[in-house]
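Working notes, beginning with the structure itself.
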Amino acid sequence: MIDKSLFLTYLYLLVYILLSSGVILYNKWVLSPKYFNFPFPITLTMIHMGFSGAVAFFLIRVIKVVSPVKMTFEIYATCVIPISAFFASSLWFGNTAYLHISVAFIQMLKALMPVATFLMAVICGTDKLRWDVFLNMLLVSVGVVVSSYGEIHFNVIGTAYQVTGIFAEALRLVLTQVLLQKKGLTLNPITSLYYIAPCSFAFLFVPWYFLEQPGMEVSQIKFNFWIFFSNAICALALNFSIFLVIGRTGAVTIRVAGVLKDWILIALSTVIFPESIITGLNITGYAIALCGVVFYNYIKVKDVRSSQLPVDSIPERMTQERMFEKKSSERNDDERNSRGIGSTSDSNVDEEAPLISSSRILHIGRSQLSNRDV
């Protein structure tokens, strides 16, 4: 059973890395003017959202694989709509960057994701400003700056699109934690797509109407049904593979797999897209950024373990405390009886406080469950 479990875990990781790399390279090939020449990133993103929403509707309402969550108008308006808006923005800006910069450079810029997530978490109040984490983020930023300086085909517009998409994705992640978890909602990939994909499609329609729709009317668009259908299936399969990997591993494993995927993508992009050239300064800057990312992951793992260690000893400590309290109570009763004082008359006995308060225990327990689910 252990061998089978390990085999499935590594298989899911391999599928996740292949699908993630494949979707990125596929999107670049479709959007690039040098290849398939479909320079409409908002349209491509809308195709993904429309297809994913339709499949999720079919699975929930027709086949009834899973049941929809209890969604009120207040939750939809305050949680789903803002999350969908930033999700649509991150996809829009991220796909637009493929028109201007190479896949390799995009992956190097994505090293800024921990920096963006940390900043958004501090601003939203879900994380505290710590100097060790801040220095890591500074190291990552320096590495990305060095890598950008070494980029031969550096493009300000493409870089701005990618960085904006990264911060939009970071804000989406933080809002998901703040809003959905605060409401007690847990969404699996199917229910997430069921609620978020149609709303993201609606948000994308506005910029599409003003930015891409006029150009699509006058230009000769190359539209191949099988290419767009297969591209949408790959994007949908990637969402499910992420869910499978998260269910069998932890967040740290996902990050390590993501780093491995980035290196594979950087290598593959130089083979598939010959115009993507990597310099020594690119690699040096990216290596510096990865050092910061790795150390940041180490700090997070250390924090999780330190918060879990006291929990393991809580039952034993509570048992010892109960025994101590019982012995103290018996001793006090004996003393009171020997002095002729009734056992019920003394209400001012100062009992020893627990080592960890009940609210702290509940908080740690919830964090353990959330970490295990991640």
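Backbone N, Cα and C atoms are what each Cβ position is placed from, and that goes for glycine too.
Annotation source TrEMBL lists transmembrane segment at 7-26, 38-63, 75-93, 99-121, 133-154, 160-180, 192-211, 223-245, 252-273, 279-299. Residues annotated as domain 'Sugar phosphate transporter' in TrEMBL: 11-297. Sequence annotations record features per position, and here TrEMBL assigns region 'Disordered' to 320-354. The feature compositional bias 'Basic and acidic residues' is assigned by TrEMBL to 320-338.
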If you count CB pairs under 8 A between the transmembrane segment (192-211) and each of 38-63, 75-93, 99-121, 133-154, 252-273, the winner is 38-63
Next on the checklist: Counting a contact as 3 or more Cβ pairs under 8 Å, with residues at least 6 apart in sequence, do the transmembrane segment (38-63) and the transmembrane segment (223-245) touch?
Outcome noted: yes
Taking every residue in the domain 'Sugar phosphate transporter' (11-297), the average pLDDT works out to 88
